[in-house]
């Protein structure tokens, strides 16, 4: 009896790469003469248009039940290998099957004409059967599988096909094998749904690379480290056609609901899909009718078989009497006639604080323009904003009494801020706890020109030059002192010789006095800046600068104390070389402290010092404190129009935030890892790209604000580097022979305590950062939290740099330097990825990259701490 050959359909185009291979196009029907011909796994011998050749089997689909009426012989192709008997195995057991017996010409069976996507189930006739496990259809990927090299040698299959155990295609073996000629029906064919003709997927990731995540995956904290949960990274919720899925909690995104569902089935659709505007007892809850995206239509008179009508707008008018299934399908009803409806904060996760329930302004949140008087280009008047203003329209300030009474008439409303705002203290805190605090507002330009009683503020350019000169003076004098005294580990130091000789007394005294003088001059400059900070628009700048100044004051007092001990003790019996060592150890940290103070002043120079005015045609004395209105108006026209005035703490609860659109990026860009010139260049490029963030500034909850303030205090706490007053928790025990010296061990133990204390702060900052990202906070929030992470980790970099300079052992210096450089590189990466995540918000891939960098930083800081502990115990 002649066995007809099975037909196969081409799923992809194929270009022949050898003379023995067939070329075909997608959709061609060809006759399969032999599978795995001559032992070539995956290569089938086929006939197409009268020509025979081998083709890659993974680019074909067997047409079940369809055979070639005119059987085609093997022809000139390679001869088929005779089939071999297959050992008896129970059903469901996978065993290697010889290729010739695994795929053989199919026996004729009775069948009815069916569609191309239905498998036939012939009547079983044998007791054993050979099993071949193949993947089920998955419409997730569209790239054709790679074909194997067209050689005639035995090869291993190019891909392995993992699939669930239920998707088994039972291919009948050869005629000589005691097997069953049967196909098992796949699970999807029995439910009557369409089967997609898509090649099998190799894994949850395709040939084109990793699919970008649809949601940012935040690691969870385990002990002191952070790990990703494996279950979260494998959730592919969008790769199955929706009509094949039952309604469930996964239907939460951008697809309108299906008609005919009950009201309680809409609870999970909480994002971008508005509910249907249905009135009457059978309609949906009116509390859910919020936004302006057209939902699907729900008609009670239609059958439930109709699905997902998209193009009928929702109802806007709510002033008609309620009736059964009454719809208002119109857009032209003014919002003022709409019925007020309560605001449900659970429907909007980005709006953390809802307005009061009795407020009538909660009705039309986004699609109603603000009142006409709220314009940006009109100076504010005496009108106070009403409760219905829900936009970021600047509130009007209360004018000073003399303006309200009409005694002073002045068109320059932006030139000088009212005294009430410039002098009155406020309890409001700004959200950003940056190292710069540079805020651009309508008051910043004018507050620079306010003269402090008794002293004239320096011009901006002169102040910056003086600051650089003072910082350089501190570094130069300290370097001269260290060169004179010499490091304890240096070969040329005064203690490195066999007979230690102290440096000359006069030279040492002059070097110490020079250090004192340089630090004192820098402190005087900083004190003047602190005085200027009381008159800036940033209410927190004075407190931040005062903390930086106090840190430098403590360093200066320590230098003075050690210098006095050195002067009074030299030549006396009580003087020891350790006194000089303490002075040297204290002096080593002075340049770094001066650099931090100078960096802070440099970043806020535009707020602390007076801008250089452009020369005018009038006399030099025209720039007095109280110019006439004409001069003031001309000065306003000569500079750019300032941004709208800020909210006051009494006007709005979000008074903690800056009103400048680019203020958060300006605060964030300068974190002591980037120069001011580079910052100004990149800042201009960023702001020219357009709107970095247009959404309103959300209001933090009380708990988040408390956490933010606590982190700000912890991050601003300076590192204790006074080794002279430190006593170890346990007495120092001598290490093993050939280990660290006592000075290195004491140094490591001292900074190990500092490292552990700062690791706690860093862990808290990372937790708060991950919480902000997981709750989808805007860039204003997560950028501020990332600054806490960066500043906390920067303290560990400072500890590593200090240890690498002061340690004597080469092994300690090399390991500490390695981890310090690693942390510094990670911080640069976090700065770059955070900028990208803020600019591309709400891109999940950019945010995920930022989260991964912070997670890597957490692991590296734990390794740094362990290395310090191991070195101290050596």
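Cβ from N, Cα, C; glycine included.
Record note: of 132, 310, 657, Swiss-Prot gives the feature phosphotyrosine to 132, with no matching annotation on the rest.
According to Swiss-Prot, of the candidate residues 111, 183, 331, 376, the site noted as phosphotyrosine is 376. The phosphotyrosine entry in Swiss-Prot, when matched to the candidates 119, 169, 253, 271, corresponds to 253.
According to Swiss-Prot, of the residues 291, 366, 670, 819, 366 is the one noted as phosphotyrosine. Of the residues 67, 414, 556, 668, Swiss-Prot records the annotation phosphotyrosine for 414. Range with Swiss-Prot annotation region 'Disordered', chosen from 409-450, 451-492, is 409-450. Counting residues of the region 'Divergent helix-loop-helix motif' (750-800) by DSSP class, helix then strand then coil, yields 47 helix, 0 strand, 4 coil. Across all of the motif 'SH3-binding' (639-647), the predicted model scores a mean pLDDT of 43.
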